[in-house]
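First the structure, in the form of C-alpha cells, and then the observations on it.
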Amino acid sequence: MSLASLPLQTGMDAIVTGVNLVWVLTVTFLIFFMHAGFAMLEAGQVRSKNVANQLTKNLLTWSVGVIVFFLVGAAVSTIVGGLTGGGGVSITEAFMAIYAPDAASVTAWTDWLFGAVFAMTAATIVSGAVAGRAKLRAYISYTILLAAVIYPVVVGFTWAGGFLGAMGFHDFAGGMIVHGMGGLAGLTAAWIIGPRMDRFNADGSVNVIPGHSLSFAVLGTLILAFGWYGFNVGTAAAPLALNDAGEVTLGSFAYVGRVALVTTLGMAAGAIGAAAVAMQKTGKVDTLYVANGLLAGLVGITSIADAIVWPGAIVVGLLAGAQLPIVFGFIEKRLHIDDVCAVFPVHGSAGILGALMFPFFATSFWNGSASFVSLAIPQVVGVAVIALWTFGATYVVFRGIQATGELRVSAEHEREGLDTSEHGVDTYPEFGKPEPVTDGSGVPVDGTVRTDGGKDE
Amino acid sequence: MSLASLPLQTGMDAIVTGVNLVWVLTVTFLIFFMHAGFAMLEAGQVRSKNVANQLTKNLLTWSVGVIVFFLVGAAVSTIVGGLTGGGGVSITEAFMAIYAPDAASVTAWTDWLFGAVFAMTAATIVSGAVAGRAKLRAYISYTILLAAVIYPVVVGFTWAGGFLGAMGFHDFAGGMIVHGMGGLAGLTAAWIIGPRMDRFNADGSVNVIPGHSLSFAVLGTLILAFGWYGFNVGTAAAPLALNDAGEVTLGSFAYVGRVALVTTLGMAAGAIGAAAVAMQKTGKVDTLYVANGLLAGLVGITSIADAIVWPGAIVVGLLAGAQLPIVFGFIEKRLHIDDVCAVFPVHGSAGILGALMFPFFATSFWNGSASFVSLAIPQVVGVAVIALWTFGATYVVFRGIQATGELRVSAEHEREGLDTSEHGVDTYPEFGKPEPVTDGSGVPVDGTVRTDGGKDE
Amino acid sequence: MSLASLPLQTGMDAIVTGVNLVWVLTVTFLIFFMHAGFAMLEAGQVRSKNVANQLTKNLLTWSVGVIVFFLVGAAVSTIVGGLTGGGGVSITEAFMAIYAPDAASVTAWTDWLFGAVFAMTAATIVSGAVAGRAKLRAYISYTILLAAVIYPVVVGFTWAGGFLGAMGFHDFAGGMIVHGMGGLAGLTAAWIIGPRMDRFNADGSVNVIPGHSLSFAVLGTLILAFGWYGFNVGTAAAPLALNDAGEVTLGSFAYVGRVALVTTLGMAAGAIGAAAVAMQKTGKVDTLYVANGLLAGLVGITSIADAIVWPGAIVVGLLAGAQLPIVFGFIEKRLHIDDVCAVFPVHGSAGILGALMFPFFATSFWNGSASFVSLAIPQVVGVAVIALWTFGATYVVFRGIQATGELRVSAEHEREGLDTSEHGVDTYPEFGKPEPVTDGSGVPVDGTVRTDGGKDE
C-alpha cells in the first residue's frame, strides 16, 4: 500500500483505535520483555558450563520462532479454528490475512504481534526442561514445529474458534493454552531425553545439581512478573470500543482493575504458599521455591483472572504455590524425570490447576444461570485435549529426533558442558568453576552436585 | 457483580476513564518493576554468602506486604486520614471501599494498586539497612507491621487527608512519605540490630565489607531509575479530566513535561554531585557513590517535582548527591551504625532534604501569594512528625522483637552466611568465595573485608 | 509560570494531547531503559578488572550528557538546522525554546526528553569501543562534546531541517543518525587510542580477550531489544492528530503495526544471519554473535522501518546480521583496531547498510513516482556527510586529548585494571580472577586471553 492508501479514520473511530493501539503495543512490549526474564531464570538454574547454551536457546527461540509463527503458525491457528469449529475456512485467506491484511485494518499486525509474544512464551518454556543435554539443532527443530503447528493447533482449538472454544472452554490469558501447554511439552521432552548424568543414582536416590546463580534466577522471576502484568492485564480487552449507537464505551475494560488486583494477589499468595510448604518440609525458606512459587501463582491465576474475585485469587495462588514443591518432588523422586528448571510444576500443573478452578470460583458471578457441571465439563475436556495433543505431538517429534541420534549431546560433551561443545565459548572465563568429582559410584562428592538428604520428602 | 452490572460509561466519560486507566496501569507496572531494581541493588551490595537471603527478603516483602496492605493497610490510611484530619470516618466503610468498591467505580482497584506499589517501595528499603544479620522471621514481622500500620499512618497523616495534609504539607510523589520514611526506618533498624561482625573495631576504626557484585548494584540502579519515571511522572495526575462544563481537559497533566524534565535533571545532577565529592575526597570516582548519588538525586526531587523549575532541579540534585558521601561517612564513622546499603543517605536524608527545599524553590511560581514561612512551617512540621513516628514505631517493634531473642541470627550463622542458615542454599555454588581471615585482633586481613584507610574522611 | 497560567486545552485538543503524551512518555521511558541494556552488554564484554569502569562510564554518560544536551545540545541542533537548511535562525530563540518554552506548549519538554534519550543512545555507544584503556576524564570530555556539538550537528543536518533533510535524506528512527554516528565515532576512537595490551602480537596475529560474563551481555541485549520497541515503534508519530477540519485522525500512526512487525522480523533475522555465518565459519553457534546479530538487525531496520514491507525486513535483517562477523573480522584482522564491544559492526556498518537499503526497498510503495536514483542520491550523500563529520570531529577531539597525554591510562594501570586505578574498587572481591600470564613474548599463556586459531577467517 502506498501512503495514499493510508486508512483515514477520523472522529471517535480514530480515538478508539489510537488509544487501543497505545495500550496493546505497551503490553506487547512488556510481554516481549518476558524473554529476558526466561533467559535469566533459566540461566541461573543451570551449571555455569551450560549458561551460554541456555542463553543462546532463548535468543534463537525468539528469533527463529517469531519468523516461523509469522510465516506459518498464525495462519495455522485460523485454519484449525475454522476446521474444528464448524466455521468456513479458506487456507489462502488465512495466510493472506497475515501476509497482506486489508489496508483498512490498522490493527492486523499489532494483533498478530500480541499473539506472537504469547506463542513465543509457550515456546521458550521448553528449553528450561531439557537444559544441559539437548543438542541445539534438536531443540531448534522442535521450536520450529512448536511455532508452526503444535502451539497454533491449541490456539485453533480454543481462542481461534475451534471446538473447545465452541463448547465453552475458558482460558482468559493462556494459563492453560500458553503455560500449561509449555509445561506439558517440557515435561514430555525431559522424560524422553532422559536425566542429566549424575542426576539419579542406580539405587534410585537423587542428587541435586544446583544452578550457578540464584541472583539471575530471582532477577528473571521479577522481570517475568513485570511482563506478566502485560500478559494478564493487557488481555483485559481493548480500553475503548464503540457501541451500536456509535458511542465510545469502556467495554470489558471496566473490569481491568479487578484483573490487576487478582493478578497481584495470586502471585503474592503463590510465593507464600511455596515458602510455607518448603518451610514445613525443611525448616528453611528455599529461595528458588519462593521465586518459582510466585511464578506458579501467576500461572494459576492467568486463565481465570477475569472470572474470579479477590478471596478466590488468594486461595488459587496459595494452592498453585503449595503444589510446586510437592509436584516437583513427585516428578523427581517418583518419576525420575529431570525437569531442570521445574517448568512442569511452575507452568504445567499450575496451569492445569487454574483451568480446573474455573467452575469453583466463577459460578457465583460469572454466569449466574450456568450450573457448576456445565462450566466444569468444558474445562476438563479442554485440559485433557490440550494435554493429550501436546504430549502426543511432543512425543512424536522428540522420539523422531531421537531416532536420528541427534537429540542428545555425547556424554563427553555433556560433562565438559554445552557451552564448549555447542558454542565454543566460556561464559565466565575468569571465575573458578570446580568440576564435580565422583567417588567411582557415579555419585559426585564435591559441593556442586549434592546428594539430596530427603529434602523434599 | 455479574457481567450484567458492568458499568457502562459512554462518550467523553469513557474516553477519560479509558485513557487514564492506560496511563495509571502503565506507570504502576513500572513502579512494581522497581522491586527488581531493589533486589539487584541490595544483592550487589552484600557478601555472596548473604545474597539469597537478600533476594528472598525482597520477594517476600512484596508478596507478604502487598496482601497485608490490601487486607489492612489501605483502610488504615483512610481511617487515620479521617481521624486526624477532622473528616468523618467509618471503619466499616474504609474497609469496604477496598474489599468491595461500588460496582460503578472502575478505578477503585487500579487506584489501590497504584498506592500499593508506593507502599511496597517504602517497605523494601528497610531490608538493605539490616542486611547480613536480621533473621528472616523478624524482618517479615516488621514488614507486616509496616504494611499494615506504620506506612499507612504516614499516608493517613498526609495524602489521605490527615492533619499534615490539612496544614499544607507538600510531598508530590513521596520523597518524604515513601523514601524518607523508608530510609528513617532502615536507619533505626540498623542501629538497634547493631553492626555486622568485623564492621567496626574495638578502637573505633572502620572496616569496609565490600558487596559481592557492583554489576548487580548498577543494574539495580538503572532499573530503579526506569521505574522512577513511573513513580514521579506517573504521579503527575491523570492525563484527562472533565471540567464543570462536561468538557475534556488536560488538567494538571499539562505540567507533565516539567515533571519529566526535573526528574531527569535531578537524577543526573545527583550522580554528578556524589561523583564530585567522592573525587574530591579520594581522587577517584567510586562507582557505588555515582550509582547511589543518582538515586539520591531522584529521591531529592521526588517530593517537589511538581513545584520546581529546571535550575532548581539541578541544584537540588547536586545537593542530594553531594550529601550522600558526607552523611554516609557520618553514620559510619561517628555513629558507628552499619547501614549496609546506604539506605539512609540515599532515601532518608535525601528525602528530608527535598521536602525542606520546597519553600526555597516553590515560592516564586507555585503560589505567588504564599510567604516563605507559610510554606516552610508545614514542611518542617511534616518532616519532624514523619521522622518521629517512623523512628518511634520502628524502635518499639525492633526492640520488641529483640526482647524475644529472635531479631538477630547467631554469630555462627552470621559467619557462615544467612544463605546457609536461613535458606539452606548456596547462591553461587561454583564460584570461589574466600572467607575473611582475621589476624586475631578481630580485623580481617584478607581482601574481602578491608580496613578503611580514612577514605571518607 | 504559575498554576494560573496552566494551558487549558479542552475538548478534542485535550484528548489528542493527552493520548499523545501518554504514548511519548511511555516510549521515552523504554528508550531510557536502553542505558541499562548498554551497561550490561558492555560490562559483560570486558574483563572483570574493568567492569566498574564500564558501569561508571555508562552512568556518567547519561548523567553528564543529558544535562549538557539540555543546556547546549538541543539548541545547537536547531541552530545548525536553520543555518544549513536555509531557514531563518535566532540563537536566542533556539535556546529559549528549550529553557523557557511558551507556557501554552505542554509538549515542549516531553519532546525534548524524547530527543534526549536518542542523543544519549548515540553517546553511550562509544564507551564500548574504547573499553579497558581510556581514562575516565578523557572519555567524559568527549561525551560532553558529543552531547553539546557532535551529535547535535548531525541532527541539525537532518531531522532539524538542515541541508540533508532538505535534499531528502531519509532516516526514520536514527539507524544512521544515532547508531551509525555512534558506531563510527567508536571506531575512530578505538583506532586513535590503540588496542588493549596483548590484543595483537608483533607478528600480526590476534589474541581474543573474552569478556567476563556472557550472562550480562545477553541480558543487556534483551533489555536493548525491549527498549528498541520504544525507539522504533515510538517514533511512528503521535497516535492522534487533528486534521484541517478539526477532526481527530490517526495520522501516520495507522502504520504503527507495520513498524512493529518489521522491527520484530528485522531483529529476528539479524540473529539468524549472524548465527548462520558463525556456524559456517566455525561449526559452532557463538552466543555473542547471535546477541550482537540481533542488535545489528535492529540497527539495520531502524532507519527504514517506516518504508519497508515485511519480506524486505527479513532480507535487511539477514544482511545486517551476516555482515557482523565479517566486518568484525576485517576490523580485527586487517585493520588491527580493537573495537572491544564490536560497536562498529553492530551500530556503524549495520546503520550504514540500512540507510543505503532505503532506495532498494522503498521505491515500490513509499513514493511511487520517485526514481531509484532520486531516492539513492540523498542516502549516499547523507551517509557520506555524517560519516565524514563524525570521523573528523572525533578525530580532532581524540587527537587533541591524546596530545595532552590524558587519553590513555598507563600500562601499569591497564594491567591491574581500571577499576582499581580509576575507581578504587573491586567489582567482584569474592570471585577468583586469574591474571593473564605471558610467556615472555607478549603472548598470554593462560586461559583468559586466547590466541585466536583463525576462528574468523
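For all residues, glycine too, the Cβ spot is worked out from N, Cα and C.
Predicted automatically and left uncurated, TrEMBL annotations should be read as such.
TrEMBL annotations:
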- A:20-38: transmembrane segment (TRANSMEM)
- A:22-428: domain 'Ammonium transporter AmtB-like' (DOMAIN)
- A:59-80: transmembrane segment (TRANSMEM)
- A:112-132: transmembrane segment (TRANSMEM)
- A:139-160: transmembrane segment (TRANSMEM)
- A:172-193: transmembrane segment (TRANSMEM)
- A:214-233: transmembrane segment (TRANSMEM)
- A:253-277: transmembrane segment (TRANSMEM)
- A:289-308: transmembrane segment (TRANSMEM)
- A:314-331: transmembrane segment (TRANSMEM)
- A:343-366: transmembrane segment (TRANSMEM)
- A:372-398: transmembrane segment (TRANSMEM)
- A:412-425: compositional bias 'Basic and acidic residues' (COMPBIAS)
- A:412-457: region 'Disordered' (REGION)
Seg_contact(the transmembrane segment (A:343-366), the transmembrane segment (A:20-38)) with at least 3 CB pairs under 8 angstroms, min sep 6: no
Beyond the flanks of the transmembrane segment (A:314-331) by 6 or more, those residues with Cβ under 8 Å of it: 187, 265-278, 281, 289, 292-294, 296-297, 299-301, 304, 308, 337, 339, 342, 344-346, 349-350, 353-354, 357, 361, 456-457
Any contact, the transmembrane segment (A:172-193) to the transmembrane segment (A:289-308), with at least 3 Cβ pairs under 8 A: yes
Closest-packing stretch to the transmembrane segment (A:20-38), where packing means Cβ pairs under 8 Å, from A:59-80, A:112-132, A:139-160, A:289-308, A:372-398: A:112-132
Residues from the same chain, set at least six apart from the ends of the transmembrane segment (A:139-160), whose C-beta lies under 8 A from its own: 57, 60-61, 64-66, 68-69, 72-74, 76-85, 115, 119-120, 122-123, 126-127, 130, 169, 171, 177, 181, 185, 189, 382, 385-386, 389-390, 393-394, 397-398, 401
Residues of the parent chain within Cβ reach of the transmembrane segment (A:59-80), under 8 Å, 6 or more residues beyond its termini: 35, 39, 89, 91, 94-95, 97-98, 112, 115-116, 119-120, 123-124, 127, 136, 140, 143-144, 146-149, 151-153, 155-157, 159-160, 162
For the domain 'Ammonium transporter AmtB-like' (A:22-428), the mean pLDDT of the predicted model: 95
Contact call for the transmembrane segment (A:289-308) against the transmembrane segment (A:372-398), three or more Cβ pairs under 8 Å: no
